[in-house]
Amino acid sequence: QTGANDLQTKADRLVQMSICASLARKFPKVTIIGEEELPTDDVTEELIENGHCEEILKKACPAQYTGIKEEELVIWVDPLDGTKEYTEGLLDHVTVLIGIAYGGKAIAGVINQPYYNYEAGAGAVLGRTIWGVLGIGAFGFQLTEAPAGKHIVVTTRSHSSALVNDCIRALNPDSVIRVGGAGNKIIQLIEGKASAYVFASPGCKKWDTCAPEAILHAVGGKITDIHGNSFQYNKEVKHMNSAGVLAALRNYDYYASRIPNNVKQSLVP
């Protein structure tokens, strides 16, 4: 067991060091908040990424963001979302999340799936990057809606509880998908494999939801806590999303209206 946990911690820390140090070098005034508490010592050069993506730079910056100052941005980083699944070899559950917030709101995000296609055999292209910006859209995947009239709920695989299951039962779903990682759950919504993401429990953090929120909102979806409150991403905010998560690409109101009162009373924002 410790073997897997040590592996996970090392992978987490190296990925976060690489992302945060690379961003801090290019954008020294932004606030970067990552899952791991890391020393700010010098990071070895081999962990620094200096490149940029031409495809993204070809897009025009939405007018409402052209005047943003670097120091007004907060970047939330989850170096390895779906950690438990990673240690168990469920590699398609694993994502790297980088979310950008301005004025407390998630405005842009990157979900990288390093092991996407890992079961497709030799010759398959491994990994993909999904990204989105409010006002531009989201890219790197095929936007698909869940089957009409079907209620397919995606929820936690490794953090289940009586409350989580009560809440799902109340929605009377046709089926329930249990997968690891918040990034992975949002992918289920935008690729039409699930119609709602429901997690009636504390445990999810701001670095889990910032990037996925920006991508979901960029394609017209909605994510909130169980009470319907928006998440805030300013640097002073507490890191825990203590009132759970409710998200849908379409028909958000249908699911929100069916969250039972006992569930809401149990989850304090």
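Including glycine, each Cβ sits where the backbone N, Cα and C put it.
As given in TrEMBL:
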{"type": "BINDING", "residues": "GLU35, ASP78, LEU80, ASP81, ASP208", "note": "Mg(2+) binding site"}
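Taking a C-beta cut-off of under 8 angstroms and a sequence separation of 6 or more, GLU35 (Mg(2+) binding site) has the following same-chain neighbours: ASP12, GLN16, VAL77, ASP78, PRO79, LYS205, TRP207. Counting other C-beta atoms within 10 Å of each candidate's C-beta, the binding-site residues ASP78, ASP81, ASP208 are led by ASP78. All protein chains considered, the CB of LEU80 (Mg(2+) binding site) has 24 other CB atoms within 10 Å.
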